[in-house]
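Here the structure is laid out as structure tokens; the discussion comes afterwards.
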Amino acid sequence: MSSPLYDVEKNPSPALEAETKPVEKKASSLRTWGPAMVAVAGVIAINAALLGPTGNGIPPLSDRHLKARKLSESRTSDVMALDFDALADHKLFTSQRGFGSRNLSDDEGGVMEYTRRRHRYLGEYTHVDVSDEFSALGKWSTAVIYFAFWVFLMFPNWFLPIGRPGIALGGGLTMVVWRFLLQITGHGPWFDAERVIIMEPLFLLFGLMLTTIYLEKMERGGLFDKLRDSLDDPINWKRSFKIMAMSTIGSAAVMNDSVVLIFSGVVVDLCVKNKVANSLPYLLSLATTANIGSALTMTGNPQNILIVSLAYDDIPWLEFATNMVLPVIAATVINGAMVFIYYSKELFPGSSGLFENFGIVLGGNRTPEMLAQEHAFYAREAAAKEVKGDEENLGWTIWSKLQIIVVVLFLAAFAIGLDVCVVSICAGCILMVMTAWKRQHYDPKPDNVDYDAEGNPLPPKKTYDMDGNEIEPEEEELITESETTLTEVDYGLLMLFIGQFLLIGSFDDTGVPQAFFSLTMGGCAEQMTSVPCVYWFVMVVTILSNLASNVPVVQMLAATFPYATPYDWIQVSFSATIAGNLTMLGSAANMIVAFQAAKVGDRTFTSERHAPFGIPSTILSLYAGTFILTLIHFSPECSVRLGECEE
């Protein structure tokens with residue numbers, strides 16, 4: 001059965017023919033992958049010019065870096081000599097899910113006690129280094145298994161039709177079994193699988209799926225439908241622009257995973273409604289700008305939240321946002337322009353080229369094909385209003401207003417710092433209770449009356465027992481939420497992330513990511529955010545974020561560089577976030593978009609189609625933003641708590 005996205009009427013009107021006309025000629029491999037290859041070659045050339053072909057151009061450490069090294073070694077030696085209560089530390093770390101307050105009084109131990117707690121938390125709870133407990137066989141066999149399943153996840157259609165959730169869960173279980181075999185044969189340490197499964201993202205995804213489903217299913221024409229209509233537009237490029245604007249702002253305000261989970265289905269619905277032949281530009285508009293927009297705030301994505309919680313010095317919300325605003329704007333403009341250039345045939349039908357596209361965007365011009373699309377759009381809208389009649393004019397019903405209240409309370413709770421996992425699940429449960437009450441007491445009951453051929457109601461059938469006594473009909477059983485809406489939660493998506501956590505956690509134990517970082521950074525490691533090393537550093541972080549995921553990379557950097565400055569973390573945050581657009585596995589948001597789109601029959605968002613756009617867009621956005629950050633930043637390049645800033 002074909003997807004509804006590609007179904008076309010048997011006798012389409014001329015307007016629809018123009019709207020659904022397929023691309024006549026398939027682009028060559030060179031045209032498809034050429035920009036990506038040029039971008040990669042440009043990165044190599046820039047860094048070779050700045051650092052030398054073999055790294056011989058890396059500058060020596062400055063006096064500031066030498067002072068920072070001396071202070072770091074002294075501070076670490078001092079805190080390691082402090083006495084501590086292991087049981088009290090364990091209670092603190094587990095109860096607060098962190099190392100506690102940064103601002104301890106003198107009676108509590110001050111900066112030294114804070115440093116000791118943080119140092120121990122990073123080394124024994126956040127990033128536990130067990131790489132020296134692997135044999136060579138154990139280390140490299142684990143890495144081979146990880147990369148094999150990384151390829152399977154990247155290109156699931158190349159192999160058996162299992163799907164990413166099945167591949168990820170199979171990979172995770174394979175890794176658990178293999179690590180057990182390594183342990184009993186003496187080739188590796190015990191694998192703490194429970195520790196590497198991060199529960200917060202799973203709780204958040206479940207709560208968001210619950211909330212989204214009930215926002216959509218509670219009422220036809222409710223908040224969800226009104227939100228969908230607000231993104232629609234008869235002009236293709238305007239529809240794409242609206243999606244990008246909503247995704248950028250929403251990801252900065254809430255969280256990128258939340259935005260793509262809610263709007264992936266909306267974008268596919270819009271493509272189906274407008275009979276779009278290629279939905280990839282719209283799905284890319286959603287996914288890429290969600291990642292870019294999430295870089296703006298410290299609550300935009302999981303790695304930013306982790307960075308702010310693990311940084312040695314305080315990074316206030318406003319300071320974080322002011323640092324990021326210009327790089328995010330630059331990345332958004334570059335990414336948006338590339339969407340319009342790459343997919344100009346889909347977004348500007350009938351246009352003769354780039355210059356005419358500028359006239360269309362800036363001057364409001366229309367091609368004949370765009371006018372035909374616009375006329376067809378308004379014709380469908382008029383026909384739909386005639387069919388719906390008065391239903392379209394109901395406006396904001398009491399149920400829509402209740403939905404708005406729940407959503408506003410959810411956003412307010414998130415803004416004041418309440419646990420977003422708990423808030424999202426509570427919002428979903430409240431909407432579930434409201435929907436169940438509405439269906440039981442407010443919605444019209446289903447019509448179970450049988451009718452004859454002429455439409456006349458038939459009397460209810462009577463049933464009798466063996467003795468000829470009439471059996472009274474039983475009361476109709478209520479249909480529960482467990483039988484209806486709760487079954488629509490994408491448990492496969494949760495399985496996908498559980499499997500990935502197991503794979504990434506085991507790979508991280510081997511120490512291969514740390515070794516890769518040390519080998520590639522070389523003499524730039526201690527001056528990673530200084531020019532020219534910063535341009536190589538952000539590329540290494542981008543590669544690692546796509547190979548080993550951005551959250552483990554942030555944990556590794558926090559443990560490796562415990563006294564990194566606020567400016568260092570700003571650069572890490574920007575590069576680890578923008579890295580999400582490089583490949584399909586670079587960001588959870590990409591996986592969610594692909595999974596949600598495939599669930600409704602749209603399988604255009606694949607790794608093979610994502611990478612030709614994602615690689616050049618990511619590299620250009622990354623280097624433009626990094627360049628801006630090196631020139632304009634408001635976070636100090638020294639650590640106040642370490643004493644670097646005293647001079």
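Backbone N, Cα and C define each Cβ position, glycine as well.
Fair warning: this is a prediction, and the values are worked out from it, not measured in the lab.
Feature list (source: TrEMBL):
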type	residues	note
DOMAIN	157-434	domain 'Citrate transporter-like'
DOMAIN	483-559	domain 'Citrate transporter-like'
REGION	1-24	region 'Disordered'
TRANSMEM	33-52	transmembrane segment
TRANSMEM	143-160	transmembrane segment
TRANSMEM	166-184	transmembrane segment
TRANSMEM	196-215	transmembrane segment
TRANSMEM	243-268	transmembrane segment
TRANSMEM	280-300	transmembrane segment
TRANSMEM	320-343	transmembrane segment
TRANSMEM	404-437	transmembrane segment
TRANSMEM	528-549	transmembrane segment
TRANSMEM	569-593	transmembrane segment
TRANSMEM	613-634	transmembrane segment
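Residue counts for the domain 'Citrate transporter-like' (483-559) under DSSP, helix first, then strand, then coil, are 66 helix, 0 strand, 11 coil. The stretch in closest packing with the transmembrane segment (196-215), judged by the count of Cβ pairs under 8 Å and taken from 33-52, 143-160, 320-343, 404-437, is 404-437. Between the transmembrane segment (404-437) and the stretches 166-184, 243-268, 280-300, 320-343, the greatest number of Cβ pairs separated by less than 8 Å involves 243-268.
Note on the domain 'Citrate transporter-like' (157-434): its mean pLDDT in the predicted model is 87.
Contacts between the transmembrane segment (143-160) and the transmembrane segment (569-593): present, as 3 or more C-beta pairs lie under 8 angstroms, all at sequence separation of six or more. Segment contact is absent for the transmembrane segment (243-268) and the transmembrane segment (166-184), given fewer than three CB pairs below 8 angstroms at sequence separation of 6 or more.
Remote same-chain residues near the transmembrane segment (613-634) are listed as 35-36, 38-40, 42-43, 46, 284, 288, 292, 319, 322-323, 326-328, 330-331, 334-335, 338-339, 342, 531, 534-535, 538-539, 542, 567, 570-571, 574-575, 578-579, 581-584, 586 (criterion: CB distance under 8 Å, separation of at least six residues from the stretch ends).
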